[in-house]
């Protein structure tokens, strides 16, 4: 159980960077990835939620109830934005500390990834070369058929389709063959990488003290994050109180109005 937190942290910090070995891009920091994902996700929820609220208020029932949900929604999004700004430096510090504490382990894993990449790169290059050759052959076979279609009449469309079908099937079968060959070539290296990662964690378990030290430091960082986040969360709670109270008053007023109309009938 002690290894769970460390495993998740290391996989998050190194695993999502592994793709940059294949793409040769500059990796984002862990905090940048979290921040970008959270921003996109929250903004999407905010925008779609506001659209639903606006649609409801524009409906006959929404106009009759007059709950002013859109005003409350804007207040909520403003409150959440403020809390997100307050938590930004706190979470940034947490990720910086966590990356610092796991730096040596991440370096070892990145070294393993680089070694495996160098071994499998020739197979990837060969696969790409064969794929380009297959595409060129397919284009050469299809080009005359396209010329026939341009010169022919509508009745030749079916004839053209009949000629294209076996070519497409041949292309599909050849592509599957190349993919299967690549899979078989890469399988040993994939197993080797898994074994290396497993060996790293076994060394940590055998070390005992190192694993306990990583766990203790990560737990300490989480506790510090919780303590520093308390003021922002309290601000969030205080900001929600008037919004919820306003919504409660609007609902009670709508119910009261509906009751009066029913009694009048």
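Note that Cβ sites are derived from N, Cα and C of the backbone, with glycine treated the same way.
Taken straight from Swiss-Prot:
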| type | residues | note |
| --- | --- | --- |
| MOD_RES | 109 | methionine sulfoxide |
| REGION | 67-265 | region '10 X approximate tandem repeats' |
| REPEAT | 67-88 | repeat '1' |
| REPEAT | 89-110 | repeat '2' |
| REPEAT | 111-121 | repeat '3' |
| REPEAT | 122-142 | repeat '4' |
| REPEAT | 144-165 | repeat '5' |
| REPEAT | 166-187 | repeat '6' |
| REPEAT | 188-209 | repeat '7' |
| REPEAT | 210-230 | repeat '8' |
| REPEAT | 231-241 | repeat '9' |
| REPEAT | 242-265 | repeat '10' |
| SIGNAL | 1-18 | signal peptide |
Take the repeat '6' (166-187) and count its residues per DSSP category (helix H/G/I, strand E/B, coil), listing them in that order.
22 helix, 0 strand, 0 coil
Same-chain residue ranges lying at least 6 outside the repeat '6' (166-187) that approach it to Cβ under 8 Å:
120, 123-124, 127, 130-131, 134, 138, 141-142
Other CB atoms within 10 A, centred on residue 109 (methionine sulfoxide):
22
